[in-house]
């Protein structure tokens with residue numbers, strides 16, 4: 001009886017110290033980071049025996065976890081259902097499936113190709129196709145080609161499966177950052193019912209794979225932060241390693257994976273700074289924390305990233321369409337290439353027959369033919385171009401200026417004359433304008449049977465060499481300086497008109513800066529007077545081909561130009577959902593799919609960005625002025641911690657994945673915004689939930705609860721109804737177009753720039 005009276009007295013004290021209006025209490029991220037209060041730990045402190053003698057642990061944990069588990073099951077089911085629905089339609093190639101599906105076929109056939117992105121995404125697509133029975137025989141020539149009997153659903157299904165995890169990961173991330181199931185559910189609903197996220201997940205593309213690794217990295221980072229009070233335990237190591245592996249995956253799919261690496265890096269730097277300021281830790285402990293993060297977030301991702309390329313090079317060992325983008329030494333390792341397992345003299349000599357390859361991407365081989373430049377295009381002499389394919393007209397003879405036949409070796413600084421083997425014209429330049437690059441000089445074929453003039457002389461320069469250095473076949477980077485004008489032989493990369501057979505323009509540039517366009521290497525080399533060596537001795541090692549592949553990818557990425565009739569966009573278009581992308585079909589007789597985000601979802605996200613900044617500003621000013629926006633019943637919980645902590649992290653993620661596109665020089669497309677859109681949606685969940693939870697600042701009970709529940713229901717209904725209206729964008733449209741009254745999309749073209 002005494003114990004019962006004490007309990008009743010304690011209950012009255014607790015009740016009196018609370019506020020009249022009851023409100024759910026959650027720990028803030030900052031408090032969780034410093035001193036996590038999990039349901040389990042709270043239960044242990046308040047653990048009192050039940051009437052049947054068992055602990056209250058099980059029932060309390062069940063009451064906390066059951067709603068969360070049920071919501072997570074619902075989110076998972078809806079996410080997979082919306083992504084996998086009609087996955088086989090349309091049964092033809094859509095948009096960039098023509099690229100990434102074809103690259104999957106190359107992997108299955110072990111045929112070397114070139115792409116501007118790292119290889120992991122394509123390798124996973126190929127693996128999915130191979131495991132589901134695709135044999136790599138479909139050509140993927142152009143959008144609209146029917147798949148017919150070819151098994152394509154495995155590759156689409158794999159991308160859709162990874163895309164289905166995005167709302168799930170977002171739900172878990174927001175729940176960790178906000179300690180609110182409602183905020184997590186809002187975020188999940190925005191992503192599940194976004195037509196853009198559905199569409200981009202349903203096809204053979206790199207984007208769902210990239211976003212899967214980005215979200216996995218963020219989730220692992222957040223989970224790792226929650227383990228800060230238990231360092232070096234198994235869960236702590238698990239989330240650290242998973243974060244590092246996800247970072248390697250994101251970068252291994254696309255270079256924009258660097259953005260999430262920056263996000264994790266900034267978070268880690270702040271974490272280490274906090275640890276350094278913890279005086280309860282010795283410097284040895286601080287060093288352990290630092291080294292653990294170096295291993296988990298730097299060395300492990302680097303190892304996995306390099307491993308991806310090792311597998312890539314091991315798989316693609318046959319000559320293919322990507323050969324010409326790489327150096328001659330790189331090509332010599334590919335089975336079927338004309339440089340593979342052949343022998344030739346190691347050093348360039350006078351009297352040799354050679355082919356000369358430019359080192360820029362698609363720079364081509366130095367080439368000439370019997371055709372002359374047309375009237376009005378410089379001097380009417382024989383054309384000299386760069387040709388992208390191997391050809392007999394790529395062969396040149398190396399002579400001394402005085403036609404001395406002594407088979408001396410060519411050295412850095414020597415003066416030579418190059419004679420075209422087929423036409424016997426000399427490589428020549430003069431002060432006439434080049435055909436397309438007007439500030440450069442024209443390069444022609446001049447003279448006959450070795451006779452010409454002083455404009456046929458070129459000085460050999462080995463890049464990085466000194467006078468007297470020999471010119472190594474395949475490996476030396478060489479420049480040819482024109483003696484008479486001082487210009488340098490140059491491949492501009494520009495395509496000549498039909499009179500030039502649409503080959504690449506070759507000029508003589510007066511600008512002498514070393515660039516790949518002015519650098520060449522000797523590829524074919526024939527000289528019966530010199531001993532041959534096997535080119536296998538000249539093959540590059542792994543680190544050399546790894547470095548070269550990255551140089552080629554970066555150059556290719558920066559040089560991307562829009563294709564004919566293909567829509568590109570500007571970064572400011574993306575948050576306002578200004579314009580989408582046609583995935584399939586144009587006219588009313590075709591099956592049409594249009595990549596466009598659910599406009600209601602995207603505009604809510606845009607409004608929430610501004611609302612978030614306003615809420616943070618108001619909260620900060622109030623705190624600075626000592627004004628309490630919280631009621632006593634909130635206890636230790638502070639909404640400002642959620643906004644500045646979890647919300648700030650998500651805002652930083654959005655900025656890192658969006659702002660860099662404003663300074664990129666390459667062509668940009670609408671789908672580049674989707675990683676940033678994930679962060680924007682998560683921030684929306686946190687912002688709107690915090691706003692609705694503060695309804696009691698304006699209204700008293702029970703009206704504040706009604707406003708909160710009503711706001712949540714209106715938001716959910718609005719998202720669901722907008723999805724009902726716009727779902728044909730993702731799942732296919734047939735019949736009349738949107739501007740016609742009988743169209744299923746009639747009245748829904750809210751912006752003139754939408755093209756469905």
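Just so you know, the numbers here start at 1 and follow the chain as drawn.
Just so it is clear, glycine is given a Cβ too, placed from its N, Cα and C backbone atoms.
All annotation found in TrEMBL is predicted automatically rather than curated by experts.
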Q: May I ask you to indicate which of 56-81, 82-107, 108-133, 290-315 is given in TrEMBL as transmembrane segment?
A: 290-315
Q | The annotated transmembrane segment range in TrEMBL, which must be one of 694-712, 713-731 | A | 713-731
Q: List the helix, strand and coil residue totals of the domain 'MIR' (468-525) as derived from DSSP.
A: 6 helix, 27 strand, 25 coil
Q | Same-chain residue ranges lying at least 6 outside the transmembrane segment (713-731) that approach it to Cβ under 8 Å | A | 85-86, 89, 186, 189-190, 193-195, 198-199, 202, 580, 593-596, 598-601, 604, 688, 744-745, 748, 756
Q) By DSSP, how many residues in the domain 'MIR' (345-401) are helix, how many strand, and how many coil? A) 3 helix, 27 strand, 27 coil
